[in-house]
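Undergrad: To start, I am sharing the structure in question, which I have written as structure tokens.
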């Protein structure tokens, strides 16, 4: 079974591109009527209320199990983050009634009412959804009410219409879902929107739920605030343009334009995160074209922040994204519920303002780590060169996503003079696998893929999923996956030994192991063991020597700092002072390499020789007739 895993393809976790497209001006209706506010509700609840309406494409057209999964699991989980952490400015719940669409978008105002010059559309749409007639005001055409169907105010802060149409935008297999806002109130706050989930992307497999939930959360954020169609309605337009030098490998330096969100709280949070008071604001994506550029955070700088333009790994909603909601003037936010965002944290102005090539060279000259970037090629086009390491959050195994491209990268994105194992003539073909990150290579989680299997991905590298635990025969470094597991570095290549035979697992320089935080320190457990090994200080070695299925497995786990593992899950002062272990050697006692097969052979030889000896010394009895 060990060799089966070696035959499988190792692929980076899928980079799913956001398919958001800002609405066209004519597709958004701005109401000039003031919606009522329920004063009693204002005193009862501070939560942001989202009213969901499921289209028949969800309730009738999807298979029943997927329909239930969307209604009862995906949408509630995706909405929960926003309903808990947002509050309408001033509080309360609005009574929302939506406006009707006008033929040819031809309209004028009569007081605070919209009048459709040539009549109202037979259907008013919100993205892919048709708005129910009872959600709409009567049609006003040339100041005459031509539709008096009963209306019902929806007591909420936002109406979300959920559809599951296999639209043309779903033809791109990397598209999971997309969203749009469709109506705004008199303060220009969005009050209705649509999320369309591509049916082919739906799955009930545990591995896929993080991507699905995070994508829908991401799309809801676009409908609520993160759109260049909404930025113009902030108290002040938050976008500023700056120029920076961009050195290239050929020695030339060009100036590149960058757009940043420079609103007050966003600027404050981004300065705090990177520990750089010179930053004007948070940089926006400049690649990907319409629907990606200018409506996401820059991937090179904000890698796994959930509001970047492509999902790569472990998406988190940081204080920076919550600050954008606050700066809109429409929402109050709960910063206490912001998720831990570690990428680039405290790395200073240079990390943000330099190219990744400059950053890597400067750090190497200073003898410092180049994390979160890397320069170990994943493969050379013919053979794998990849070795595993831990992500910066230690929540998954990762590879450096530095790969060769079929064509030479443009000079903007050529960052290296030399790469280990690669001829200098080919170095200009190498870059990170994520285009939106400016081809900067970084450590990325991955999945094991079997091309012959019905489900292409059946195991990924997240430590927290117990279903990622390999079988005993396929687990040479004795990993343990589950809610209580993190990624730990390995000092040397692990081996299996038996009767002079040696198997090496050179690709594995990190593994997922169960941990517990007790007595002020990290304690680690490997598969097959009932006890935990203590970590007394960062860099301490844990020696593993165990016999599994007749083979001696040997390896060394390197202890991280206690604060790195336990600090986020326990009290801030949980970790005790680092100290030398009571015994220099921590781990299993050394074992003798087994050779059971040879022992059996020796026994068989001994029995045969004994039998021959007996034959030679038994007296011959002759019988006479």
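Positions of Cβ are set from backbone N, Cα and C atoms, glycine also.
Sequence annotations record features per position, and here TrEMBL assigns signal peptide to 1-15. Taken from TrEMBL, the feature Zn(2+) binding site covers 218, 222, 296. The active site feature in TrEMBL is assigned to 219.
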Undergrad: Return the count of C-beta atoms lying within 10 angstroms of the C-beta of residue 296 (Zn(2+) binding site), excluding that atom itself.
TA: 25
Undergrad: Count the other Cβ atoms sitting within 10 Å of the Cβ of residue 218 (Zn(2+) binding site), across every protein chain shown.
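TA: Within a 10 Å radius of the Cβ of residue 218 (Zn(2+) binding site) lie 28 other Cβ atoms.
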Undergrad: Enumerate same-chain residues with a sequence separation of six or more from residue 222 (Zn(2+) binding site) and a Cβ-Cβ distance below 8 A; give 'none' if the list is empty.
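TA: Set apart from residue 222 (Zn(2+) binding site) by at least 6 residues yet with Cβ under 8 Å, we have 18, 20, 179, 180, 181, 295.
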Undergrad: Using Cα coordinates, what distance in whole Å links the residue listed as 'active site' and residue 296 (Zn(2+) binding site)?
TA: 11
Undergrad: Other than 218, 222, 296, which residues of the same chain sit close to Zn(2+)? List them in sequence order, counting a residue when its Cβ is within 8 Å of the Cβ centroid of the site.
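TA: Close Cβ neighbours, site residues excluded: 18, 20, 219, 221, 226, 295, 306, 307, 309.
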Undergrad: Which secondary structure state does DSSP assign to residue 222 (Zn(2+) binding site), in the simple three-class scheme?
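TA: The three-state answer is helix.
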Undergrad: Hey, does DSSP put residue 296 (Zn(2+) binding site) in a helix, a strand, or just coil?
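TA: Note: residue 296 (Zn(2+) binding site) is coil by DSSP, not helix or strand.
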Undergrad: Let me know how many other Cβ atoms fall within 10 Å of the Cβ of residue 219 (active site).
TA: 26
